[in-house]
Amino acid sequence: MANTVIVGTQWGDEGKGKIVDMLAEQAGAIVRFQGGNNAGHTLVVEGEQCILHLIPSGVLHQGKKCLIGNGVVLDPEVFLKEIDGLAEKGVDVSPERLMISKKTQIIMPYHKLMDNCRESLKSADNKIGTTGRGIGPCYEDKMNRCGIRAADLADPELLREKIVAGLQEKNVLFEKLFNVEALDAEKVYQEMLPIAERVKPYLADVSSIIQDVNKEGKDVLFEGAQGVHLDIDHGTYPFVTSSNVVSGNAAAGAGCGPRQLERIIGICKAYTTRVGAGPFPTELFDETGDTLQKNGHEFGATTGRKRRCGWLDMVVLRETARLCDLTEFALTKLDVLSGLKEIEICVAYEYRGEKVDYPPQEQNGMAHVKPVYESMPGWDEDITKASSYDELPEAARNYIARIEELSGVKVGIVSVGPDRAQTIVR
């Protein structure tokens, strides 16, 4: 299979979990390299749904190592809740196969409080649409070099020291700026101790494990979260997440060299969705948008929020292909387009009187573009039982071919339904 990176090509929710679950069979290890539990990866195996927020999507494949890299921010309570839920289903979640990098940053209670306090102060027009799970404040502490790392959970005195230091500044903000009660450092520490005890067995040197897996002749699957256009640097800033989502961060966020990243698959929904605030050039506000939302079951796996829906945006995909050096696309939810008489594809933007093929670089530039559309005939056939590319309707194959022409990237995988088996590999 080769060491493979999975990235979302749009604004998240592209169906990465399903593709990771499918490819995990061929991998020796699956590693999450960025983000936190602000992402929800939904797996459906033989009709049974499983939603994961932190644990790699390959966990349902027994015997595969599942790793959480140093680029992730981990909420230990969510982690423990997930392993307990998986254990109830009979899934092996022992420390022998599930491991957390000792360098992973830990989301603390005060990060979540800070996240919600900040969002509450913003006007309706300035809200980012954060999930309120403490992701941003945790990354902020990491950059300020005062964060709590997973290894600190095994050192009670250092843990207490860091909690006390961390709350000195934050409590001033809570009381003076946000008008909420300050947190008691000792209470936070005492509440963390039993959690730390349960997490400690899972701590490991993830970087070395990745090297060992490759030395054994096995491949590693790098699982990204969110989407490239939520990337802190390359996304629709400031309506972005707090980490680098691009494929290049797989090396830094997992602890390996860039030459170990051999195959880069961009997961692409057959239309476009976005959760929360931020520019969305191809968003639909009509009956077609409602149809996509309904037929695609477009509700966030993490927040339950209704997703905004629109036509496929090739400007967005072209930019992702450039930023991530994609080797192929995995096209998901193609079945949702069945029944549409006509399908629109955004092939370019009009921006400041010019036609552009890539997103503008200026802040909020995407809010001022006009999509240039190309129409293609749709298809009526139910494609959910198609098991080969040739079984797809001609119009569906033409749609895929046009995506390849406009992006210069091959569509190597086509998903025609939520179940693992409803996947066509070309």
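Just so it is clear, glycine is given a Cβ too, placed from its N, Cα and C backbone atoms.
These figures come from a predicted structure and were not determined experimentally.
Thr241 is the only one of Thr241, Thr288, Thr320 that Swiss-Prot places in the IMP site (with Asp13, Glu14, Gly15, Lys16, Asn38, Ala39, Gly40, His41, Thr131, Arg145, Gln226, Arg305). Site extent for IMP: the farthest pair of Cα atoms among Asp13, Glu14, Gly15, Lys16, Asn38, Ala39, Gly40, His41, Thr131, Arg145, Gln226, Thr241, Arg305 sits 34 Å apart. Neighbour density for Gly304 (substrate binding site): within 10 A of its CB lie 9 other CB atoms from the protein chains shown.
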